[in-house]
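Engineer: According to TrEMBL, the protein carries these features:
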TRANSMEM  32-53  transmembrane segment
DOMAIN    37-484  domain 'Major facilitator superfamily (MFS) profile'
TRANSMEM  73-92  transmembrane segment
TRANSMEM  104-126  transmembrane segment
TRANSMEM  132-148  transmembrane segment
TRANSMEM  160-178  transmembrane segment
TRANSMEM  190-213  transmembrane segment
TRANSMEM  291-314  transmembrane segment
TRANSMEM  329-351  transmembrane segment
TRANSMEM  358-378  transmembrane segment
TRANSMEM  390-418  transmembrane segment
TRANSMEM  456-477  transmembrane segment
REGION    499-519  region 'Disordered'
COMPBIAS  500-519  compositional bias 'Polar residues'
Amino acid sequence: MVGLKGENEAVYSQTEKTISDYEPQKKPKRNVYAMACATLASMTSILLGYDIGVMSGAAMFIKKELKISDEEVEVLVGIINLYSLLGSAIAGRTSDWIGRRYTIVLAGVIFFVGAILMGFATNYAFLMVGRFVAGIGVGYALMIAPVYTAEVSPASTRGFLTSFPEVFINTGILFGYVSNYGFSKLSLNLGWRFMLGLGAVPAVFLALGVLAMPESPRWLVMQGRLGDAIKVLDKTSDSKQEAQLRLSEIKEAAGIPPECTDDVVQVPKGNSGKGVWKELLLYPTPTVRHILIAGIGIHFFQQATGIDAVVLYSPRIFGKAGITSANEVLLATVAVGFVKTIFILVATFFLDKVGRRPLLLSSMAGMILSLTALGFGLTVVDHSDKKLMWAIALCMASVLSYVAFFSIGMGPIAWVYCSEIFPLRLRAQGVSMAVAMNRVISGVLSMSFISLYKAITIGGAFFLFAGVAIAAWVFFFTMLPETQGKTLEEMEGSFGKMKWSSTANNGESSGQVQLGTRG
């Protein structure tokens, strides 16, 4: 009887355990420390956002005082994107050399100097020097913010946290628009100088705030500092188990043997950053080739669909739509900045719930409709001799819906997606290449938009952007796999499965991708 009783108790205990196992697991709370780190790092993006927003209005007053042509306005507005190429090109190597954290400090210092120079500019040439220095800082900021945020974030909230740079770009744009409206009341020679010089303020706060941030755990591992890396991972992970898992995955990606558990270890040769460009460009595996095309492609289409033309030249667009008062035009641009910021905040909460692909495809579909409607409305206004209120309202609504659809998907996902798909060893250089493409296309469009709409009408320019947006939708649908919920080290398995890459996989019998080897 005693034995039977013991068996019954064992069965009962086992049943209790099984039932408890079926209870739904609680969703981990958002990691406050990781969120604080992502917020501080992403504040670098305010620098670009403020410059974009403030220059859209300041250009009107600069043209009046310095008496420059439309072509010179185009160059002034758009050249910072090309200048930022130099910053983004060297930011990858700099961040591998001095670390992600101090690269952020450097970005803030450079932009601070550029903003001061622009604020004290006395002529067009002086202003262009300030634009050059600020452009270097912008290039650094654009490259380092998404990389650091992706590397410090746990997988459960990486999409949410890595969208922060885009949130702060939009916040900066809104601040720039508000600055335009506020300082437009000053005298002509002071107003635009205050608008541009005020950009130095966030750079100062950024340089001070970064002192409270830890270094990226992935960069620490690449330096062989495992002890420091696990301390950061313990604070930025949802659990101790996840921290250990992330460390083991990073060590594997960096080529460090699993049995190495000392606080400081020797990193194997070949993981110091040399040969990365060969792996990316000369001898990419099918997986790396697919990742490179996806990363560069998403940044190409983010700009080629006309977002900077709308944001930078919104005063001109509203003027062409029939809004003649300068005060009303500046107020309309504030509305654009407000809508853009609100919808990017909405998007951050859906990235890790809905996924990247659904948001991206629906965002692009909405942009196609908005661009088509805007092109139609501007064409009607352009061919009408009288003021048509319905056409003006259509143009206003189309601009607002366009920036709203951009902000819920295309805006944040380009930065999130690109920062998470590159393997650890290739991440800094890969992201810098994608950012370089982003800046080139932005620079070309912003430096030629006035000439473009003069050549094919302003309505025709937006019909052209709508055509590019259709091509973008097809590209995203066919080339971009879902990355939601995967760790950065698991990401490679989603790529390299395109039909055009199957022939290069013949020599890979194990199914594992070896970076830097010929297929």
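Backbone N, Cα and C define each Cβ position, glycine as well.
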Engineer: Count the Cβ pairs between the transmembrane segment (32-53) and the transmembrane segment (358-378) that lie under 8 angstroms and are 6 or more residues apart in sequence, then report whether there are at least 3.
Structural biologist: no
Engineer: Taking the transmembrane segment (190-213) as the first stretch and the transmembrane segment (73-92) as the second, find out whether 3 or more Cβ pairs fall under 8 Å, excluding pairs closer than 6 in sequence.
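Structural biologist: They do not touch: fewer than three Cβ pairs between the two stretches lie under 8 Å.
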Engineer: Considering pairs 6 or more residues apart, do the transmembrane segment (456-477) and the transmembrane segment (104-126) have at least three CB pairs under 8 Å?
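Structural biologist: Contact absent: fewer than 3 Cβ pairs fall under 8 Å.
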Engineer: For the domain 'Major facilitator superfamily (MFS) profile' (37-484), what's the mean pLDDT in this predicted model?
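Structural biologist: Mean pLDDT for the domain 'Major facilitator superfamily (MFS) profile' (37-484): 86.
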Engineer: Counting only residues 6 or more past its boundaries, what in the same chain has a CB within less than 8 Å of a CB in the transmembrane segment (390-418)?
Structural biologist: 146, 150, 158-159, 162-163, 165-167, 169-170, 294-295, 298-299, 301-302, 305, 307, 310-311, 314, 317-318, 321-323, 332, 335-336, 339-341, 343-344, 346-348, 350-351, 356, 359-367, 369-371, 373-374, 376-378, 380-381, 384, 430-431, 434, 438, 480, 483
